[in-house]
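Here's what TrEMBL has on this protein:
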- Arg95: active site (ACT_SITE)
- Glu98: active site (ACT_SITE)
- Ser121: active site (ACT_SITE)
- 82-155: domain 'Cyanate lyase C-terminal' (DOMAIN)
Amino acid sequence: MEAPSSSSIKARTAAELQAVKRKSGKTYGQIADETGLTNVYVAQLLRRQAQLKPGTAPLLRAALPGLTDELLHEMMQPLLRSYDPNLIQDPTVYRLHEAVMHFGESIKEIVNEEFGDGIMSAIDFYCSVDKVKGVDGKDRVVLTFDGKYLPYTEQTTEHMVSRLRKQDNQEGKPE
């Protein structure tokens, strides 16, 4: 019998975690408030898209008492950060993608204007979803992407460690 793949283990674990959340009756926002995490990070944890840190485990277990030791242990393991390519077919995900693609060039120009030549990290990154009332009194979605700025590096040989080692090795060889 073949061993289960990491993606099937991830899918099974995510389904179990979602069942624990549903059974708790809590929203991602409520769990976030109880743990001090963002609502999106809680969702990432419960979908196995983020690794649970040992110091956060007791807070998450207090918020979701249905979490078993086995699930908590699995959540603390390094994971395969991936997504289902069919996810783009979901209207919410498609519209988010569409918005980023539509506004992306302008956002990039403003990032470069404000910070210089670089990018926003998606690793040192915080994300949240909030609900507010618009000026017309209708519900509005507020997405916050809060990522560390990473400047592009000028690639000079004097800062390239592998070149420095190579140069040191060549200088140390007798002729």
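Placement of Cβ uses the backbone N, Cα and C atoms for every residue, glycine included.
TrEMBL does not curate its annotations; it predicts them automatically.
Between the CA atoms of Arg95 (active site) and Ser121 (active site) there is a gap of 22 Å.
Glu98 (active site) sits 20 Å from Ser121 (active site), counting Cα to Cα.
Non-local neighbourhood of Ser121 (active site): Gly147, Lys148, Tyr149, Leu150, each in the same chain, at least six residues away, with C-beta under 8 Å from its C-beta.
Other C-beta atoms found within 10 angstroms of the C-beta of Arg95 (active site) number 11, with every protein chain shown included.
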